[in-house]
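Peer 1: Pulled these from Swiss-Prot:
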- 133: active site, proton donor/acceptor (ACT_SITE)
- 137: active site, proton donor (ACT_SITE)
- 9, 10, 11, 12, 13, 14, 76, 77, 78, 103, 104, 105, 106: NAD(+) binding site (BINDING)
- 134, 143, 144: (S)-2,3,4,5-tetrahydrodipicolinate binding site (BINDING)
């Protein structure tokens, strides 16, 4: 059965890459390319799944409109907070089996790096995350870095790990980065980059670094297409592509 796909934010870099990937994919049909000013509700009856690569200030409204239209939503736009996720979870729970996937990253290497970091975290005394992106990215830290930090914190909490050592008493504002559930996260914005992340885990006398580098947006497309094909089998709200993988 052919899956009918709409792309929201189709004029953007990720949106246009996604639209082309859908055109080229077997078993998928691109039925709409939606941009600012277009009516999302008009997709009702035309699309089975919509992929959202828009902006943080509109993506939640887009998801609610898609759910009202009976359309599964695959969301790659970052900037989501717990309140917004809670509202979407409540809404999708009132639908007849629709699914919403909010994925901080569709790169398979990034998804695996997040999983590896969570698995390793209980065995190390310290962990910090450094994310590096192009200077046009509008949110910091990245959704990937936040998701990574939360995974580390959850794993350490489940293992009963003690607080991470840090004797810093004075620092310039921001010098030690943001704190996500007790994990320090640092955001760099440099021209020439696309998307990169380093996860540093250490013990006395040793350091392990998990690094993932994205050089081209095409690297996200296998994950996006996987999500489009699998979302109907995952009703409700899912955060993170790893839930769709057999890990």
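In case you wondered, yes, glycine gets a Cβ from its N, Cα and C as well.
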Peer 1: What other residues of the same chain, not counting 134, 143, 144, have a CB atom within 8 A of the CB centroid of the (S)-2,3,4,5-tetrahydrodipicolinate site?
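Peer 2: So the additional residues around the site are 78, 104, 105, 131, 133, 137, 139, 142, 145, 195.
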Peer 1: If you compare CA-to-CA distances from residue 9 (NAD(+) binding site) to each of the recorded positions 133, 137, 144, which comes out shortest?
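Peer 2: Result for residue 9 (NAD(+) binding site): the nearest of the recorded positions is 137.
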Peer 1: With every protein chain in view, what's the tally of Cβ atoms within 10 Å of the Cβ of residue 104 (NAD(+) binding site), excluding that atom itself?
Peer 2: 22
Peer 1: Could you tell me the maximum Cα-Cα distance in Å between the residues recorded as binding NAD(+), namely 9, 10, 11, 12, 13, 14, 76, 77, 78, 103, 104, 105, 106, rounded to a whole number?
Peer 2: 20
Peer 1: CA-CA, which of the recorded positions 133, 134, 137, 144 lies nearest residue 11 (NAD(+) binding site)?
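Peer 2: Given the candidates 133, 134, 137, 144, the nearest one is 137.
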Peer 1: Just to be sure I understand: of 133, 134, 137, 143, 144, which recorded positions have a C-alpha no more than 10 angstroms from the C-alpha of residue 104 (NAD(+) binding site)?
Peer 2: 143, 144
Peer 1: What binding-site residues in the list 13, 78, 106 lie within 10 angstroms of residue 143 ((S)-2,3,4,5-tetrahydrodipicolinate binding site), counting C-alpha atoms?
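Peer 2: So the list is 78.
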Peer 1: For each of 13, 133, 134, 137, count the other CB atoms within 10 A of its CB; which of these recorded positions has the top count?
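Peer 2: Per the Cβ count within 10 Å, the most buried is 133.
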Peer 1: From the Cα of residue 144 ((S)-2,3,4,5-tetrahydrodipicolinate binding site) across to the Cα of residue 106 (NAD(+) binding site), what is the distance in angstrom?
Peer 2: 10
Peer 1: Round to a whole number and give the Cα-to-Cα distance in Å for the pair the residue listed as 'active site, proton donor' and residue 78 (NAD(+) binding site).
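Peer 2: Rounded to the nearest whole number, the Cα-Cα distance is 10 Å.
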Peer 1: Taking Cα atoms as reference points, which of the recorded positions 13, 76, 78, 133 is nearest to residue 144 ((S)-2,3,4,5-tetrahydrodipicolinate binding site)?
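Peer 2: Closest candidate to residue 144 ((S)-2,3,4,5-tetrahydrodipicolinate binding site), judged by Cα separation, is 78.
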Peer 1: Let me spell it out: for each of the binding-site residues (78, 144), count the other Cβ atoms within 10 Å of that residue's Cβ, using every protein chain shown. Which one has the most?
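Peer 2: The largest 10 Å Cβ neighbour count belongs to 144.
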